[in-house]
């Protein structure tokens, strides 16, 4: 293991002398969303506010170009998908017309040809924040995420409390001091058909819903990795959705980032190797929860993982490290590798760089 990581450090040092993977993002970028269509990358929202940008990865002079602003206001934790020439944005957390923080269940569509947005007359049957989105056979699929009513109620209470610190402490204690199942994270799988703009029930997890999981899909299989089991408590679980045949099958794989797990990690594929990297969590929270402390992360400091794990022979192996721990950026499949754009580093600082993780013969290469 030490030899592997030492070799990785040498590779990282050699890449440092070369050109960066992508130009720095126009603003420090975290908690946003992004997609790739052929060779064009689109990113937006999160710490970028309502801004969206695109970049042609094959251009000689690579640069981010500003697009039309998102009309739905600033959003964190929205997701996106590119289907049949259009970019779709699903939900997110933002402020409503009254200035209250809330979870949205709406859908916006961006047309690259006209550089224009439209809000669709379509609403998911539940809120979408902390959820994941992936595309299969021309449809967008959504699963996971927080419970809209519980989350919105929490922020309504905080708004009413104003600057009353005593009231805020009581609200937080009430909100965090519950068991995981009492938060009703979404375990349903929903499908969105762009041609009809209709939502449909596509199945549900036999286990539990998560928020802030990493997602990657290839062919008929999709993997959901880690995420929150409740606010402040992560899981090390890995779920596999198999669309092969007529019946969707849910499988549970060996855990990763044990015992505490992380949220906001990055997942991808390279030469058929499943990759999981980064993420943030609270070390010791799982032990606290198992010992009966529901407010499991109380008093704990958020830590950021730099670990890179590969799925190999039915188990996860730590196979390398990022140059720094990071979470809550965008992960995309590009050039047969995992492309990470932006994210959040220690102290919650948003970053502007990109990272490319490639795998060959179970050996990891990291390019910054």
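Cβ from N, Cα, C; glycine included.
Swiss-Prot has this to say about the protein:
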| type | residues | note |
| --- | --- | --- |
| SIGNAL | 1-19 | signal peptide |
| REPEAT | 40-84 | repeat 'Kelch 1' |
| REPEAT | 86-137 | repeat 'Kelch 2' |
| REPEAT | 139-173 | repeat 'Kelch 3' |
| REPEAT | 174-219 | repeat 'Kelch 4' |
| REPEAT | 222-265 | repeat 'Kelch 5' |
| ACT_SITE | 228 | active site, proton acceptor |
| REPEAT | 287-336 | repeat 'Kelch 6' |
| REPEAT | 338-367 | repeat 'Kelch 7' |
Top partner of the repeat 'Kelch 4' (174-219) among 40-84, 86-137, 287-336, 338-367 - counted as Cβ pairs under 8 Å: 86-137
DSSP-derived structure type at residue 228 (active site, proton acceptor), helix or strand or else coil: strand
Mean of pLDDT values spanning the repeat 'Kelch 6' (287-336): 98
Neighbourhood of the residue listed as 'active site, proton acceptor', C-beta criterion under 8 angstroms, separation at least six: 130, 185, 210, 211, 212, 234, 235, 263
Long-range environment of the repeat 'Kelch 5' (222-265) - Cβ separation under 8 angstroms, sequence gap at least 6: 130, 132, 134, 136-137, 141, 143-144, 146, 175-176, 178-180, 182-183, 185, 189, 202-203, 205-208, 210-216, 274, 276-287, 289, 295-298, 305, 307, 309, 311, 314-316, 327-329, 343-344
